[in-house]
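The following features are taken from TrEMBL:
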DOMAIN    9-230  domain 'Endonuclease/exonuclease/phosphatase'
BINDING   11, 142, 144, 229, 230  Mg(2+) binding site
ACT_SITE  112  active site
SITE      144  site 'Transition state stabilizer'
SITE      205  site 'Important for catalytic activity'
ACT_SITE  230  active site, proton acceptor
SITE      230  site 'Interaction with DNA substrate'
């Protein structure tokens, strides 16, 4: 029997404060996701035991400092999962775990991409995924890179982090990864980060999923964030049975680079 597993991801904009942390934890637990992927938590190495106690379920943390970086993976306490491997980078902006659930072996990478144009960071992501070498992969977080400047940004005077963007597209091609939001919403403009004055918006947060998992994805949504300037992103996977046959459709991500396709999408929209 298949089980639906829901992932939620949020740039928290700091959870060092005990009051804010309790508030956000309470909010997350009510949402009922199985796995929460958090970025910019501002947890240093001295806080790991405290966070584990406060959350109450399994949690894995790549610590930053008490005022910057830090990423974490929090498992709901009723989610049956076996974690077989963990990797954290020293800067507190990347954590990878290999886990097994419903007979699937998955590498989950949660990242907080650099604000500067740092393509080497995304090369590191690819190296870690290749080293973990599991059949399936999910990469999620605040990338600080948009995949498509026309569809995923508003009111930017310049293209941010263009070298990093090139490497992310190369990573997607090399590892056969797909942007599940764009698969489900090929012509929809939605953003996950906003600045009010002057108004700027972009879709910096997204899931990339390996092709072998695409036919298990049931939803890909952007919902309001909580105590953050980022939206929450969510994706659900129905694991436990493989769906195959003529009814399966897989979006060709290379079309997003095709000028004629982009023009047609905008005209339809």
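Numbering starts at 1 and runs along the chain as it is shown here.
Using the three backbone atoms N, Cα and C, a Cβ is placed for every residue, glycine included.
Any TrEMBL annotation is an automated prediction that lacks curation.
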Shell list (Mg(2+); ref centroid = CB of 11, 142, 144, 229, 230; cutoff 8 A): 13, 39, 40, 112, 192, 193, 204, 205, 228
Average pLDDT across the domain 'Endonuclease/exonuclease/phosphatase' (9-230), rounded to a whole number: 96
Spatial separation of residue 142 (Mg(2+) binding site) from residue 205 (site 'Important for catalytic activity') - C-alpha basis, Å: 4
Length of the line joining the Cα atoms of residue 229 (Mg(2+) binding site) and residue 112 (active site), in Å: 15
Nonlocal neighbours by CB distance (under 8 Å) for residue 11 (Mg(2+) binding site), same chain, sequence gap 6 or more: 38, 39, 40, 112, 141, 142, 193, 205, 225, 228, 229, 230
Distant-in-sequence Cβ neighbours of residue 144 (Mg(2+) binding site), under 8 Å, six or more positions away: 112, 113, 114, 115, 160, 161, 164, 204
